[in-house]
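Found this in TrEMBL, in case it helps:
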BINDING   B:Cys640, B:Cys646, B:Cys680, B:Cys684  [4Fe-4S] cluster binding site
BINDING   B:Cys684  siroheme binding site
DOMAIN    B:5-284  domain 'FAD/NAD(P)-binding'
DOMAIN    B:317-382  domain 'NADH-rubredoxin oxidoreductase C-terminal'
DOMAIN    B:421-469  domain 'BFD-like [2Fe-2S]-binding'
DOMAIN    B:559-621  domain 'Nitrite/Sulfite reductase ferredoxin-like'
DOMAIN    B:631-766  domain 'Nitrite/sulphite reductase 4Fe-4S'
Amino acid sequence: MNEQSNWLAACRVEDAIENGGVCVKHGEDQIALFYFTRRNEWYATQNECPHKKQMALSRGMIGSTTDEPKVACPFHKKTFSLSTGECLSGDECAIKTYPVKVENGTVYIGTTPKS
Amino acid sequence: MKEPQIIVIGNGMVGYKFCEKLRSKTSSFNLIVFGEEPRRAYDRVHLSEYFNGKTADDLSLSTENWYQEQNITLFLNNPVTKIDRDLQKVYTANGLDYSYDILVFATGSGAFVPNIPGIEKEGVFVYRTIEDLDLISSYAKKAKTASVIGGGLLGLEAAKALIDLGIEKTSIIEFAPRLMPRQIDAAGSDMLKSKLADLGLQIHLNKNTTSIEGDGRITALKFSDDTALDVDMLVISAGIKPRDELAKACGIEVGPRGGIVVDEKMQTNDPAVFAIGECALYDGMIYGLIAPGYEMAEVLAANLCEGEKTFTGFDMSTKLKLIGIDVASFGDNFIAEPDCRTIIFENKHKGVYKRINVSNDGQYLLGGILIGDATAYNLLLQTSNNKIVLPEDPAELILGARGGSESAGGAGITGLPDSALICSCEGVSKGDICSTVADGSCENIDDLKKCTKAGTGCGGCLPMVKDLMTYTLKSQGKYIKNVICEHFNYSRQELFDLIHIHELKSYDEVLDVLGKNDGCEVCKPLVSSLLASLWNEMILKKGNDVAQDSNDRFLANIQKGGSYSVVPRVPGGEITPDKLIVIGEVAKKYNLYTKITGGQRIDMFGAHLNDLPIIWEELIAAGFESGHAYGKGLRTVKSCVGSTWCRFGLHDSVSFAIRIEERYRGIRAPHKFKSAVSGCIRECAEAQSKDFGIIATEKGWNLYVCGNGGSKPQHALLLATDLDSETCIKYIDRFLMFYIRTADPLTRTATWLNKMEGGIDYLRNVIINDSLGMATQWENEIENLIASYKCEWKEAVENPAIRKRFSHFVNAPEDKDPTIEFVEMRGQKRTAEWKTV
């Protein structure tokens, strides 16, 4: 169980992209934030795709397989679960996922990874 | 309330079919059937099979319990003898009487027996019922020679029966100068005659039988030309005579040469009395085939159930196998010059004669005759009935394509509309057959026959029914593979049509209406591409941006490291020095790597996402527009310098290339496509390696299609020669829309053609001869796409909401991605290698 002490105010809800991702700067780190409007869910993961170390996941298309929410890297279409970070195509290592909360129209990312 | 009572007189094929059709629609009505024959209705069409070992039971149309199960009272061996229309009663041979509310004559026909002296002699038969066959069969045991009077369809069947019965010498006597005078012409008759002669049948044409000789029993025939022929037995098959005697006796109107007069609802002059089948005379004609009889049964059954059907005549096309010889006629088989153009193929060595009658404009098939080889019958019949536009050389229809790649059969079936009537006996369309197969209820021909009844009448359509089943199963196999992804249970082509029909404009709408769950990286770009191909709206309209592939989403190609490339359009590869300077200045200003592409334009690499809008703003200000290097659409139209400079050039290839590039720019397709125009046959623009390529000739342009470079190079194939510019563009319009509408996702034109049944010949027929009848629609569609073209980059930089998306960090819009690294090489920058672990 992760106790979140550090919540990063990432952006306003209206700055996020519906059914898509944005990239959030967190010091030297980059976090991909996804507003899955269709499911009314928020997800956050590392922005770097572990396959070729590209800062690109926030520009990927999101979707689902069966009921698992996922993102596809724009470079080579490797897909990762948005909820667990697990790689769904091939054997890339999992990506980090972060908790997200929305308060008063501001989106916060818990900067301690869930996994 | 008491159910109204229907009495059917006659239990032949059509009478039976009427009962079946009526009961399939309603269980009301008391239904009583009187049959004259001692057995249940049987298949009279295949009567001669009785001699090949089929039993009466095999030929029976129903099972023993069928009538009882259907709550129909059937009286066999009990003919109706009298009708009282005032009392609405029928009287039968067994002395009983029955009341009717509705009376149906399905009395069929009897053999027409000409009034020849001696016709009553022993050894003279008709060929009509199983009982007739039994009599013939037993008499034949002691006969060595036999004749058939009548060289029509039934006469030839009867002659076949006699041969089957072991008669050594069988002859056919025909009054007319040719065999099957209703179906085939003189040349066809000659061919048939020589084939029949090979089988030992003697054919006597122009013979008028004047008497039947013999002392109580037939021994010879005498003819009007004073010749004679010794025979031991004779079968009369000189035509049919409608069984209208009962109707006539009770005052129902009959025709001067027989037949109960009916209107288009099969009603006689007594509103309570109807007639169907061979006893009915509609519009002065007796329909002596099974299919129209069944259609009449359907019309009457439907109307009794408050339907609104009418009988308006019927296609009398036929195909049969006579003693192993195919004979077929269809459509207007006798029409001749100058009302049409006939194409005749004759091969005396093989005994094949084929004639097709083509409309004077060469567009349509009007009818024809086939002897010896009727394999093309179904396709020809459909081509004629459905007014399918003929190939450039209609002779291919009967000769088969020679040396070409066309498989006419496959292309033929796929080209038929769903409404094409395949089984005319049972009224089953292509759509009925394909959908029954497609929904999984039938996987073999027997099931299919049960489900649809297709092929259960004359059986002539069975080859085509089988082809359709195979085709549907095959396409279904493909279909399963072709389903886009788990979110859409459709192929790309189906989705294209559905989006069009439902007028869906955004990915979310498409997903809501046609798909399920949340979509994915497979269906999103595909649907976005379809939306662009259909409506050509700005692809980054709110909500659709996230459904674009990342290149489309940022209108630039993402490169190794995460930077983007910038490619302005340079139509035809022609560029002014000033514009070259602009490109150089922009590249320098934003520190971009530059390279000349294979498509005669200039690529600028290494742009940060944040810099894309400002770079494009500068380019647009200098007169550039998007080159769509990121999209699945037209890339470039390469050109050689052509007649403006080149001493060999025949035409101005650069101007034509620019015109084409500007025409098709921005149009989205299943995959990227490229083109080129060469000014002469030296082919400096390499047009034959393009999706469509154009080469100048002395007289115009040659158009090549479906070439490819890439991993599997393939030469483009010549589609048309010596075109003027307008026709060339018209063909490209059609070609592109056909491709856009039907290709699988991410399929280049070369692969698309490779998968196409019938190959380039089929494609040529579609594009040039408009064999699918789609040309006008496609031309309009592409005109709409062309008219709605806008430079996407111009729209993007001018729209603040879209422009805002071109920043790397949502919480630090001015910052560029710090992880992008470049290194130096040959005086320019290049991207750093993959940072592998």
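From the backbone N, Cα and C atoms, a Cβ is placed for every residue, glycine too.
Computed from a predicted structure; not experimentally measured.
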Looking only at B:Cys640, B:Cys646, B:Cys680, the binding-site residues on record, which one has the least crowded Cβ, with the fewest other Cβ atoms within 10 Å?
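Among the binding-site residues B:Cys640, B:Cys646, B:Cys680, the sparsest Cβ neighbourhood within 10 Å belongs to B:Cys646.
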Suppose the [4Fe-4S] cluster site is B:Cys640, B:Cys646, B:Cys680, B:Cys684. Which further residues of the same chain have a Cβ inside 8 angstroms of that site's Cβ centroid?
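Filtered neighbour residues, in order: B:Val641, B:Gly642, B:Phe648, B:Gly649, B:Ser653, B:Ser678, B:Gly679, B:Arg682, B:Glu683, B:Ala685.
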Going along the chain, which residues six or more apart from B:Cys684 ([4Fe-4S] cluster binding site) have their CB under 8 A from its CB?
B:Cys640, B:Ser678
Kindly state the mean pLDDT of the domain 'NADH-rubredoxin oxidoreductase C-terminal' (B:317-382) in the predicted structure.
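The average pLDDT of the model in the domain 'NADH-rubredoxin oxidoreductase C-terminal' (B:317-382) works out to 88.
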Would you list the DSSP helix, strand and coil counts for the residues of the domain 'Nitrite/Sulfite reductase ferredoxin-like' (B:559-621)?
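Counts, helix then strand then coil: 29 helix, 14 strand, 20 coil.
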